[in-house]
Every structure is written in C-alpha cells, then in structure tokens.
Amino acid sequence: MEKTYYAPASIGNFSVGFDTLGLALSPVNGELLGDRLAIATAAKHSTKSKLVVAGRYRHQLPTKSQDNLVLRCWTAFRRLVAKPLPELNFTLQKELPVGSGLGSSACSVVVTCYGLNHFFAEPLTTMELLNLMAEIEGGVSGSVHLDNVAPAFLGGMQLMTPSLDEPALKLPWFSHWSVVVSYPGTVINTAMARQVLPATIALPTTVRAAKNLASFVSGLYTENEALALNALEDTIAEPYRQPLIPKLASLREQAHRLGIHHLGISGAGPTLFALCTDDEQARQAQQLFENHYHTNADAMTHHCRVDLSGARLLVSEEAPNAIS
Ligand SMILES: Nc1ncnc2c1ncn2[C@@H]1O[C@H](COP(=O)(O)OP(=O)(O)OP(=O)(O)O)[C@@H](O)[C@H]1O
Ligand SMILES: N[C@@H](CCO)C(=O)O
C-alpha cells in the first residue's frame, strides 16, 4: 500500500521581501501546481530504497537517483530520527520546472520531509521538520532561506522572522487577490542568481526596502489595499537580476497599460508574476505572458490563488507506519 503527498509551488521574495516573504500557490482551475510523492514500504528483504521519477519536468532532474533531493532528504531524515526504518519505494511526480523561480527544489524537499514524517507517524516536531527542510534546501541554493520552504510546508503568505522559536508566520491575505505566474521555459540557477547580488546594500536603499516591507505587511493586517499595493517594489534583488530577465521591463510596461498593479520576479526567476485584483486583469495577464513570454515547450502560465494548506496527504490507504 502507498501514501501520496503533495507540496505546492511558491513565489519567494514577492518583490518586497527578499528572503522574507513567500506565497504558496493554488491554480484557480483546481489543478495542482507542485510536486507529488508516493511513498510505500519496500519488499521485506529489500536492501536499498528506490526512486522512480515521472512528471512533465522529470527530464530536468539529475540522472543519478542518489543525487535527487528525494533520496537526499530520506538519508537526512533517517539520520535525524536515528531509529531503524524499513527501505522505501518512492515515486516522484515532478510537475515543477527546475531553476524556475517557483520553488521547485523546495517543493521536493518539503513533500519528501513532510511525507516521511507523516508516513512514520510524526517522529519529528514541526520545528524539527522545518529546520531539516531549511538545511537541505540551503545546501542546494547556496544559503539558507525559508521563503519557498515555509509557504510550501505551511501554506499561505509566510513572513520570515528572526525568531528561532517561530521563524515563519502566516500573514493575512486579500481574498480577491490572485497572481498569474509565467515560466518562460528557460532556467536561472538560484545559487548563480544570488552570486550577482552585492555583499552590501546602500543605506538609503535599505531604508526604502524596510519602509516597503513594513507598509506591505501593515496593509495586509489593516486591510489597507492601496498601502499594500503601493509598497510592491523590489529595491534589493531586481536591480541586479534584471539583466538575467531581459523582457521584464517591457512586460511590466505592457502590464501597467492593462491596469495590472504589479509585475515582479518570482523568487530568483525567470518566472514572473502579475498581482491581479480582479479576474479581467488576470485574463489580460495570462494572455500577455502566453503571447510574449513563453519561449519553448517547457513554458507554462497559471492563474493562481493562495494555497492556504501547504504540504498535505493526498491519498492514504492504511494507518501510518509507527516506528517500533
Ligand atoms: N527533486 C528535485 N527537484 C528540483 N531540483 C532537484 C531535485 N533533485 C535534485 N535537484 C537539483 O537541485 C538543484 C536545484 O537548483 P535551484 O535551486 O537553482 O533550482 P530550483 O530550486 O528549482 O529553483 P527555484 O527555487 O527558482 O524553482 C538543481 O541542480 C537540480 O538538478
Ligand atoms: N529568496 C531567494 C530564492 C527565492 O526563490 C532568492 O531570491 O535568491
């Protein structure tokens, strides 16, 4: 028997919160936009766990199974739990493009760690799980940042905090807001996109970024939509990453002409997102991206609302396998 788990795609940074904000995504048409992972106990005398990869973006993953984040998470999980665990069979449905800006590696890390913890009747606390996910994801992208892991795991719009006890907290969200995300089909490696950033940021820029983030968060809490919308500006990463996304300026200009409030870089890119306050804006944004941003068959554009659930069990056929 097997259990199938899911973790949603996410928008890291959300323009105004570099490494500090992350939004989990759920397509409005009811489809899933994220990775699915089936976990089953291997045959009794199996000596090693096995991974099968399927899905639209399986061709973008490492050819060696042991390099896949699913098995890297399994190794780290069993080391942390430090109790005898059976070998497992995994099937990863890879539906998020690698190096996309949609939190693809975080999605695989979250769905695997969450799934393993559920499969073995929760030997790790939520905090232990979050720290494990952050450590593994950080190893991939070059530095620990929770702005994809936290929303993929916990759902909603997540604000990262300096607190060790509560490193992320769910923010309010305007229920009529939606985002159209568009992946062009090209790749930007997150570690590389972090290397183009300067080691220090000028004081005026830092002050402006603080004002923007504080205003955005205040606008969400006080339901002051204009305050939140007017704060959406990326003064930290975009000035250095725009050369990696040459079409950004022209697409933003066309989006503003269509009355779309904000167009920003999703995470480290190349995915872009358009923040929409009604369905007509979303329709226009979808058309703009599909006509002017898609570059190959890997490209995709989705109209999404916030995914409030985060990582979850999709299919279960028996009680969790408690560790003896
Ligand atoms: N299951 C997996 N899903 C995604 N990436 C994986 C997986 N297993 C191994 N990898 C490797 O992890 C690295 C992820 O790199 P990177 O962080 O740039 O991509 P990403 O997390 O997909 O980016 P983004 O967060 O912008 O979507 C790639 O080299 C990829 O080959
Ligand atoms: N916040 C990180 C990754 C987000 O996906 C960055 O911008 O490098």
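Cβ atoms are placed via backbone N, Cα and C, with glycine included.
Record features (TrEMBL):
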{"type": "DOMAIN", "residues": "68-156", "note": "domain 'GHMP kinase N-terminal'"}
{"type": "BINDING", "residues": "Pro97, Val98, Gly99, Ser100, Gly101, Leu102, Gly103, Ser104, Ser105, Ala106, Cys107", "note": "ATP binding site"}
{"type": "DOMAIN", "residues": "227-291", "note": "domain 'GHMP kinase C-terminal'"}
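Feature map: annotations from TrEMBL on the structure.
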residue: Pro97; record: ATP binding site; contacts (Cβ under 8 Å, 6+ apart): Tyr57, Gln60, Ser104, Tyr183, Gly185, Val187, Asp298, Met300
residue: Gly99; record: ATP binding site; contacts (Cβ under 8 Å, 6+ apart): Gln60, Val187, Ile188, Asn189, Thr190
residue: Gly101; record: ATP binding site; contacts (Cβ under 8 Å, 6+ apart): Ile11, Gly12, Tyr183, Ile188, Ile265, Ser266, Gly267, Ala268, Gly269, Pro270, Thr271
residue: Gly103; record: ATP binding site; contacts (Cβ under 8 Å, 6+ apart): Ala9, Ser10, Ile11, Gly12, Gly22, Leu96, Asn148, Val149, Pro151, Ala152, Gly267
residue: Ser105; record: ATP binding site; contacts (Cβ under 8 Å, 6+ apart): Leu69, Val98, Glu137, Val140, Ser141, Asn148, Thr190
residue: Cys107; record: ATP binding site; contacts (Cβ under 8 Å, 6+ apart): Ala7, Pro8, Ala9, Ser10, Gly34, Asp35, Leu96, Asn148, Ala152
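Proximity of the binding-site residues Pro97, Gly99, Ser105, Cys107 to ligand 1, judged by a Cβ distance under 6 angstroms to any of its atoms, singles out Gly99, Ser105 in sequence order.
In this model, the domain 'GHMP kinase C-terminal' (227-291) carries an average pLDDT of 97. Sorting each residue of the domain 'GHMP kinase C-terminal' (227-291) by its DSSP state yields 34 helix, 9 strand, 22 coil.
Cβ atoms within 8 Å of the centroid of the Cβ atoms of Pro97, Val98, Gly99, Ser100, Gly101, Leu102, Gly103, Ser104, Ser105, Ala106, Cys107 (the ATP site) belong to the same-chain residues Ala9, Leu96, Asn148, Gly267, site residues excluded. According to its DSSP assignment, Gly103 (ATP binding site) is coil.
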